[in-house]
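**Student:** Take this structure first; my questions come after.
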Amino acid sequence: MAGPLPPLNQEPAFQKLQEYYDSKAKDLNIKDLFVKDSKRFSKYSLRLHTQNDGEILLDYSKNRINDEVWDLLLALAKVRRVNAARDAMFSGQHINITENRAVLHTALRNRGTDPVLVDDKDVMPDVRAELAHMKEFTNMVISGVWRGCTGKQITDVVNIGIGGSDLGPLMVTEALKPYGKGLHSHFVSNIDGTHLAEVLKKVNYETTLFIVASKTFTTQETITNATSAKTWLLEHSKEPESVAKHFVALSTNKEKVTEFGIDSTNMFGFWDWVGGRYSLWSAIGLSICLSIGFENFEQLLDGAHFMDNHFKTTPFEKNAPVILALLGVWYSNFFKAETHALLPYDQYLHRFAAYFQQGDMESNGKFVSKSGKPVKYSTGPIVWGEPGTNGQHAFYQLIHQGTRLIPCDFIAPAQTHNPIAGGKHHKILLSNFLAQTEALMAGKTVDEARTELSKAGLCGNELDNLLPHKVFVGNRPTNSIVVKKVSPFTLGALIALYEHKIFVQGIIWDINSFDQWGVELGKQLAKAIEPELDHCNEVSTHDSSTNGLINFIKANWK
């Protein structure tokens, strides 16, 4: 087995990129690159052909790259052993080194017949059994066979979870609303009682099903919310037996689940090789199944499996996740870009950026390498975004004319689920999608701005004073991803695309993308502070700021 990787900044392939950046990067003007190469779009774009959901287009031609840069980036991926790391993940090796675990969310959506081994055991029979359990339960609820404690059919589903037990199911349920089967979906994550209280105002105890998503069934926020929801149910039903009719668990802790009052036959399990932020493909996706039906959930799995196969089998130069990953490394480690914007031009995808805030920032927000040594280069970026065209009227100003370089991914469907006004809305939406990447690339020169102002009737000092404010530097990099339509299949493919992009970047940076120790420290301190809020005495056991905050809150508690 090959030894550890050298620090990235000591890698000869990285140093060659640094030399190129230092000497030639200032000459990489995207607009000029198109002028010089009439085939640039075809050279720097991919079309992925799906069986039933059309093509997926990735256009990465509007980036600050040329053939020389691209060859150097591909060479970097090879010397950082991305191939070997990818194979290790898919083969069930324990690549999560700090927790000594395999990383096999890909097994959850494996639609083939080949075994998937973890510690010499084929996990696929267990995966298929859990999917069958989810299918049976989903069909019972949607068909009305499963009923509440008073015999009424379920109309509302409340998913209680946090982090990966909330963000993924919420994002997918919102994205696939057009495929809904009639149940109303609600999500409660925040320990702030307002979140649960507002949901409970909208539902009827007789027709509501609660899903408690906690692997250990001990997650503080989730179990506190679930216990309060159970209290609310019992206040209305007056019957302890009603809990079993209105609660199911996504957990592996049978003892805690049954103690809560949930029938263990209504417990859906998953495994320690499923990370929270990759768990929507598992039983954590039960709320997705109940929203869109199990057949559509299978299509979601199919789409992800399609992208898994693409990632596994395609050479780097045509491999969509690798391409996105390398572009991100180029901007983060050489141009010092600190953020990356995800900008879906589809309102159904309004939670897509929030989902990958966790997916990316929790995975690659690390400052030590796998060997435990602090790195001396940038790792995970800040990920953010909002749907178009809302973002255009909020933060695009900074992307266009600010001092920071912000690489952006624009995502759009060619077809809409809602062609109202004869498709006029969608045509306007897509025209904005197309215009923004062109504008970010081309900008507006001084001469162009002067001509525009002259045509508007300005001249002299008035024109000269306004002129610099109307100039756009341009040369802002973007990727465009276009699907035929947002469907379960294409959404599954998009999610897997970004999962694998994040993985590849983690390999290049030599960090463990599959733990999240940064979540723990705040939890530990919160447990110490909580009892200090139970009494009215002043606190002096912390730093003066924390003491001051605690004492101010206690003084204003009532």
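Placement of Cβ uses the backbone N, Cα and C atoms for every residue, glycine included.
OK, Swiss-Prot features for this one:
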type	residues	note
ACT_SITE	E362	active site, proton donor
ACT_SITE	H393	active site
ACT_SITE	K523	active site
**Student:** Other than its own, how many Cβ atoms are within 10 Å of the Cβ belonging to H393 (active site)?
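**Tutor:** There are 10 of them.
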**Student:** Whole-number Å only: compute the distance from the Cα of H393 (active site) to the Cα of K523 (active site).
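**Tutor:** Rounded to the nearest whole number, the Cα-Cα distance is 37 Å.
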**Student:** Expressed to the nearest Å, what is the distance separating K523 (active site) and E362 (active site, proton donor) at their Cα atoms?
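**Tutor:** Given the Cα positions, K523 (active site) is 15 Å from E362 (active site, proton donor).
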**Student:** I'd like the Cβ neighbour count for K523 (active site), meaning other Cβ atoms within 10 Å of its Cβ, all protein chains included.
**Tutor:** 11
**Student:** Return the count of C-beta atoms lying within 10 angstroms of the C-beta of E362 (active site, proton donor), excluding that atom itself.
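**Tutor:** Summing over all protein chains shown, E362 (active site, proton donor) has 23 other Cβ atoms within 10 Å.
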**Student:** Which secondary structure state does DSSP assign to H393 (active site), in the simple three-class scheme?
**Tutor:** helix
